[in-house]
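Each remark here refers to the structure printed beneath this line.
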Ligand SMILES: NC(=O)c1ccc[n+]([C@@H]2O[C@H](COP(=O)([O-])OP(=O)(O)OC[C@H]3O[C@@H](n4cnc5c(N)ncnc54)[C@H](O)[C@@H]3O)[C@@H](O)[C@H]2O)c1
Ligand SMILES: N[C@H](CO)Cc1c[nH]c[nH+]1
Ligand SMILES: [Zn+2]
């Protein structure tokens, strides 16, 4: 694990290390790039490949979905195979361990409770002479949620997307999840059905995002796409944005831990690896003012990593994006943390609430030794779909409002309009928009 000291390399160098490349610039590993070259016949960046997939699905519909699912996910389909059938649900229920189903139920309940508290209400207010202003909050008609499933199955992500959508009152929720040998993890299906997802398509990657954005012969076009995914999924969401809304760019997972000398190196290393094991492109960073802790965490991470079933992924992630920064003091540590704008920020310090006011950019903050990141991934209630790649500078965590939109309400009486008509006419004429002025003037003259 790389350890760098601000006192040696300077603040600017550290900030550069912590500033993430944009998703389009993320480089694939030589291994993946070589494999893709074989599959697609030419060397492409991830962004170029995704653009091609999205364009093809838009033009060709189901045929392109079938082609890319064959080429990338190695599954051969006819369009009628996309949708999960009743028999597949029944098989999932039979195969499921009741203890896991019960834990999922509890997790979903916590997520529902938390999100119910977020639900905004429509409102109206009375103003002068009987006029009324307000705001209607309207759930979206149809959303498409993406549940990742390339190297791990994510029933927890089903809950994190579908439960807030259902709390918001979305008309129809459809879901895409990549097939593993043509099959979907049983808990993903069970969690989806429990949360009210009506249609589940066994399609993954950029082709799934494009199919939901543009619609195909068999897949309905949605109004908004939400959910996390790897670099291909995230780039595809970026590519289709504007044709359809998206929640955010929720790509490969990230953790940044701000730790002082009181942090336990064993906990700190474990929390780093919890995100490293998601993806070779995941990122795990520790920032501390204690050089001794830095050394201990690096050693401990090496030890714990060797015992992980997903060590190949975690090692690749640590080699690429693992970093321990020794800051001059805790205030500098917080400045560095905000430059990184991580998906998850842990404050493993003696007084974490004292640092909270200094957190400017983070998808979620975890305070203290007993709030490890996986608590939020699975169970506490707040959402685990969070902005990555530095986009926590401007994006928020997925929430109930992600699935709703706001419409303004304006109702004036004739006396109320007459009172303000001079101002409106003046402003319209200043903009040279006579028809606007006329629409006001004729109503005033009716008086
Ligand atoms: N930010 C968040 O909120 C959040 C939450 C949960 C998970 N995640 C992230 O989700 C991701 C899950 O990744 P995953 O890969 O397991 O599942 P995934 O479903 O995101 O991606 C799998 C799909 O990617 C496509 N793909 C894979 N390799 C490809 C290639 N070489 N070329 C073109 N397309 C390819 C395939 O179509 C495959 O179906 C991880 O990066 C994890 O960190 C993020
Ligand atoms: N840490 C992920 C968000 O980056 C969410 C997750 C789901 N399951 C486990 N982890
Ligand atoms: Zn996780």
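Glycine residues also receive a Cβ, built from the backbone N, Cα and C atoms like all the rest.
Just so you know, TrEMBL annotations are computer predictions that nobody has curated.
Here the structure is a predicted model, which means the values were calculated and not measured.
The NAD(+) binding site annotation in TrEMBL covers 146, 207, 230. A coil conformation is recorded for residue 230 (NAD(+) binding site) in the three-state DSSP classification, outside any helix or strand. Listed in sequence order, 148, 150, 205, 251, 252, 279, 281 are the same-chain residues at least 6 apart in sequence whose CB falls under 8 Å from the CB of residue 230 (NAD(+) binding site).
Residues or ranges marked as substrate binding site by TrEMBL: 253, 275, 278, 344, 377, 431, 436. Residue 344 (substrate binding site) falls within a strand when secondary structure is assigned with DSSP.
Look at TrEMBL and you will find 275, 278, 377, 436 tagged as Zn(2+) binding site. Taking Cβ-Cβ distances under 8 Å and a sequence gap of 6 or more within the same chain, the neighbours of residue 377 (substrate binding site) are 156, 274, 384.
Counting only same-chain residues at least 6 apart in sequence, those with a Cβ under 8 Å from the Cβ of residue 343 (active site, proton acceptor) are 250, 253, 254, 255, 362, 363, 364, 386, 387, 388, 392. Look at TrEMBL and you will find 343 (among others) tagged as active site, proton acceptor.
Taking a C-beta cut-off of under 8 angstroms and a sequence separation of 6 or more, residue 344 (substrate binding site) has the following same-chain neighbours: 253, 254, 255, 256, 275, 362, 363, 364, 365, 366, 373, 376, 386. The active site, proton acceptor annotation in TrEMBL covers 344 (among others).
For residue 278 (substrate binding site), the same-chain residues lying six or more positions away in sequence with a CB closer than 8 A to its CB are 152, 252, 253, 313, 317. Close to ligand 3, meaning a Cβ under 6 Å from one of its atoms, is not one of the binding-site residues 146, 207, 344, 431, 436.
Packing around residue 146 (NAD(+) binding site) is summarised by its Cβ count: 30 other Cβ atoms lie within 10 angstroms of its Cβ, all protein chains included. For residue 436 (substrate binding site), the number of other Cβ atoms no farther than 10 Å from its own Cβ, over all displayed protein chains, is 15.
Here the CA atom of residue 146 (NAD(+) binding site) lies 45 Å from the CA atom of residue 431 (substrate binding site).
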